[in-house]
Amino acid sequence: MDNSSDRAIVLRDTPGRSTLAAVDYRVHELLLRQEQQERTTLKLIASENFASSAVLEATGSIFTNKYAEGYPGARYYAGNEIVDELENLAIERLKSLFGSEHANVQPYSGSPANQAVYRALLSPGDKVMGLSLPGGGHLTHGWTVNFSGTDYKRIPYGLHEKTQQIDYHRLRETAKRERPKLVWVGGTAYPRVFDYAAMAEIASEVNSYLVADIAHISGLIVAGAHPNPVGHCDVVSSTSHKSIRGPRGGFILSRNEDRYQELYHPKSKHNLAKRIDRAVFPLLQGGPHMNIIAALAVTLQEAANPSFRTYGKQIVKNAKALAQALLERGYDLVTGGTDNHMLILDLRDRPLSGKAYAERLAKAGIIANFNMVPGDPRHPAVTSGIRLGSPAVTSMGMREAEMAQISAFIDLVCRQPNDPDVHARVRRDVADFCAAFEVPGITNRKPGKSKVAT
Ligand SMILES: *Cc1c(COP(=O)(O)O)cnc(C)c1O
């Protein structure tokens with residue numbers, strides 16, 4: 001019999017793990033299972049990470065209850081003095097970390113942040129250039145099935161056939177011919193540094209806004225492990241939950257003034273910063289998620305610590321070490337390597353699809369996602385590639401030596417993809433391997449200590 005509702009009525013303490021177990025056994029049990037999975041597998045999804053206990057505490061705090069439509073000092077609800085301070089704190093930390101003039105911390109996630117950018121800068125039907133999805137761009141940069149591809153005139157740019165890196169020369173020619181109003185720089189599956197200066201030059205030549213989407217690399221940028229686009233771009237958008245290791249959310253950085261105000265927005269009485277804010281609220285969103293903004297503030301405090309610089313640089317060192325180890329084992333990598341936190345295995349000459357390899361790897365406790373490679377002959381739902389990322393394992397404290405071991409695990413599975421005994425053996429070895437490391441937000445134990453989740 002389920003008596004959990006009786007217990008819910010007497011709930012009076014600060015919500016915690018034990019309360020969850022009492023109120024909802026099933027969700028609690030799913031949570032424990034997810035924790036168990038994350039403690040015993042290798043999280044190599046390039047967009048995932050482990051938020052710290054402090055970030056999780058703020059995410060699960062009473063700030064989740066507060067309605068605060070509007071912006072600090074101009075809210076549509078009463079009782080917002082404290083959350084005004086909180087939002088201002090997050091904004092100030094963001095501006096100082098990235099050196100930007102303006103920051104908006106209210107977007108619910110990366111895609112809503114990008115929607116707001118479109119609404120602040122363009123009118124439907126305007127031309128937008130973005131890295132194509134097969135080239136490593138994001139859905140919101142003008143892909144066919146996304147609003148950005150249906151409501152705007154999409155002009156994808158691609159990669160150089162030989163280098164598999166952005167072909168800046170062709171990009172410039174296309175921009176000159178098409179004269180887009182917005183150019184995106186950024187991606188979701190691009191293992192190399194972006195040349196923001198070159199992009200800024202091209203955008204300026206054709207009177208286009210330049211927007212960087214740093215969803216994947218914001219943590220690397222804060223750490224000084226990837227160039228900062230802020231000085232080069234009109235607007236910069238990001239998620240807060242990838243390499244920067246915060247809560248699920250988004251933010252937008254921008255200049256205050258619009259350099260094309262006269263040209264593209266002569267009738268607007270609002271500058272660029274104000275148009276971004278108004279696009280987020282009230283055009284697209286209602287009340288901001290104050291618990292997420294609290295957690296973002298904590299994330300930025302953590303990211304400002306010198307140890308975060310070490311962390312970000314180690315992410316890149318680890319990705320390079322993993323790339324090198326895989327190359328030595330005879331694997332092909334898109335662009336031949338990596339400058340950032342991710343690498344893309346090119347499995348076109350192997351017997352199975354990217355999807356099939358990802359499934360086999362998951363059976364062995366290696367969690368990664370299949371991904372298109374340039375010139376991929378397979379459908380996007382199966383692909384010929386696997387994307388691997390180092391942020392999460394770096395958060396566990398792994399270094400170059402562990403990357404060599406991970407490459408050995410991957411190789412074992414990929415060489416015998418249809419042998420369940422191999423999967424099972426690697427699965428056990430991976431679990432043993434992971435047990436020596438702390439998982440932020442899940443365990444704080446040292447090797448050999450209690451296995452109870454904290
Ligand atoms: C992840 C990502 C996004 C979208 O973020 P969501 O939070 O999943 O909406 C946008 N742009 C890029 C480049 C991304 O990698």
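Backbone N, Cα and C atoms are what each Cβ position is placed from, and that goes for glycine too.
Here's what TrEMBL has on this protein:
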- LEU133, GLY137, HIS138, LEU139: (6S)-5,6,7,8-tetrahydrofolate binding site (BINDING)
- 21-410: domain 'Serine hydroxymethyltransferase-like' (DOMAIN)
- LYS242: N6-(pyridoxal phosphate)lysine (MOD_RES)
- HIS241: site 'Plays an important role in substrate specificity' (SITE)
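Overlay of TrEMBL feature records on the structure.
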residue: LEU133; record: (6S)-5,6,7,8-tetrahydrofolate binding site; DSSP (3 states): coil
residue: HIS138; record: (6S)-5,6,7,8-tetrahydrofolate binding site; DSSP (3 states): coil
residue: HIS241; record: site 'Plays an important role in substrate specificity'; DSSP (3 states): coil
**Complete:** the residue listed as 'N6-(pyridoxal phosphate)lysine' and LEU133 ((6S)-5,6,7,8-tetrahydrofolate binding site), compared by Cα position, are separated in whole Å by 19
**Complete:** Counting Cβ atoms within 10 Å of each Cβ, the densest environment among the binding-site residues LEU133, LEU139 belongs to LEU133
**Message:** I want to check the contact list for HIS241 (site 'Plays an important role in substrate specificity'): same chain, sequence separation of six or more, C-beta distance under 8 angstroms. What comes out?
**Reply:** GLU48, ASN49, ALA51, PRO247, ARG248, GLY249
**Asked** What residues, ordered by sequence, lie under 8 A Cβ-to-Cβ from HIS138 ((6S)-5,6,7,8-tetrahydrofolate binding site) and sit at least six positions away in the same chain?
**Response** GLY110, ASN114, GLY130, GLY186, GLY187, THR188, ASP213, ALA215
**Item:** Other same-chain residues whose Cβ falls within 8 Å of the Cβ centroid of LEU133, GLY137, HIS138, LEU139, the recorded (6S)-5,6,7,8-tetrahydrofolate site, in sequence order
**Value:** GLY130, LEU131, SER132, GLY136, THR140, HIS141, GLY142, TRP143, ASN146, GLY187, THR188
**Prompt:** Which residues of the same chain, at least 6 positions away in sequence, have a Cβ lying under 8 Å from the Cβ of GLY137 ((6S)-5,6,7,8-tetrahydrofolate binding site)?
**Reply:** GLY130, LEU131, TRP143, PRO156, TRP184, GLY186, GLY187, THR188, TYR190
**Complete:** Other C-beta atoms within 10 angstroms of the C-beta of LYS242 (N6-(pyridoxal phosphate)lysine) total 27
**Message:** So if I take the recorded positions (LEU133, GLY137, HIS138, LEU139, HIS241) and measure from each Cβ to the nearest atom of ligand 1, which come out below 6 Å?
**Reply:** HIS138
**For the domain 'Serine hydroxymethyltransferase-like' (21-410), the mean pLDDT of the predicted model** = 97
